[in-house]
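Asks: Before I ask anything, here is the structure I am working with.
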């Protein structure tokens, strides 16, 4: 499942984070690329204590977003970083590493930190058997997708694009199982909102928790 959520992190929090970033702490993104991806990676990454503090605040906000948690069902965060693409910078087609810091990567995500008015280009493009799909993420918007896709970031043609990217090991390894659980959970919540703790709500809750119990990797 590929899902975009608008305003996953509130604008005030994102603006505060961005205002505190020191341009001097950005370094060549090739340093963290895999051996093949180094040839196609042309961006910058934030390093140092400010990076750790900023990413932790943003992760905390994402953990408070019920819809984000329902999509990812995170078990462990493998890696997270803030990157920057300035005019002419890009990240060519590549595959994310299957393991990072000894953690399996099931889900990749990008959280936009720049308003769309701050840059042009910089689309995140995901490739699959049906072709390509692209996204431009605004400030606070998140895109979550299974890590098994080839993807790229198109060149920024104007301005500067800031984003936080991360990789997560999910409690539910299989992406089709995660999508089923997401659909069931949204359905049982809709049933509760409409009819309270009805018989249908109880049945859906039973199905949801028994499937989660069956499929969880704990």
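Cβ atoms are placed via backbone N, Cα and C, with glycine included.
Bear in mind that the values here come from a model prediction, so they are computed numbers and not experimental data.
Residues or ranges marked as Fe cation binding site in Swiss-Prot: 94, 96, 151. Residues or ranges marked as 2-oxoglutarate binding site by Swiss-Prot on the basis of sequence analysis: 161. Per Swiss-Prot, the feature domain 'Fe2OG dioxygenase' maps to 76-170.
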Asks: Where residue 96 (Fe cation binding site) and the residue listed as '2-oxoglutarate binding site' are concerned, what is their Cα separation in Å, rounded?
Replies: 20
Asks: Minimum Cβ neighbour count within 10 Å among the binding-site residues 94, 161: which residue?
Replies: 94
Asks: I'd like the Cβ neighbour count for residue 151 (Fe cation binding site), meaning other Cβ atoms within 10 Å of its Cβ, all protein chains included.
Replies: 22
Asks: Could you find out if DSSP has residue 151 (Fe cation binding site) as helix, strand or coil?
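Replies: Reduced to three states, the DSSP call for residue 151 (Fe cation binding site) is strand.
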Asks: May I have the list of same-chain residues other than 94, 96, 151 whose Cβ is within 8 Å of the Cβ centroid of the recorded Fe cation site, in sequence order?
Replies: 37, 91, 93, 95, 108, 147, 149, 150, 152
Asks: Please report the distance from the Cα of residue 94 (Fe cation binding site) to the Cα of residue 161 (2-oxoglutarate binding site), rounded to the nearest angstrom.
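Replies: The Cα atom of residue 94 (Fe cation binding site) is 19 Å away from the Cα atom of residue 161 (2-oxoglutarate binding site).
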Asks: Using all protein chains in view, find how many other C-beta atoms are within 10 Å of the C-beta of residue 96 (Fe cation binding site).
Replies: 20
Asks: Please list, for the domain 'Fe2OG dioxygenase' (76-170), how many residues fall into helix, strand and coil according to DSSP.
Replies: 3 helix, 63 strand, 29 coil
Asks: Roughly how many Å lie between the Cα atoms of the residue listed as '2-oxoglutarate binding site' and residue 151 (Fe cation binding site), rounded to a whole value?
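Replies: The Cα atom of the residue listed as '2-oxoglutarate binding site' is 17 Å away from the Cα atom of residue 151 (Fe cation binding site).
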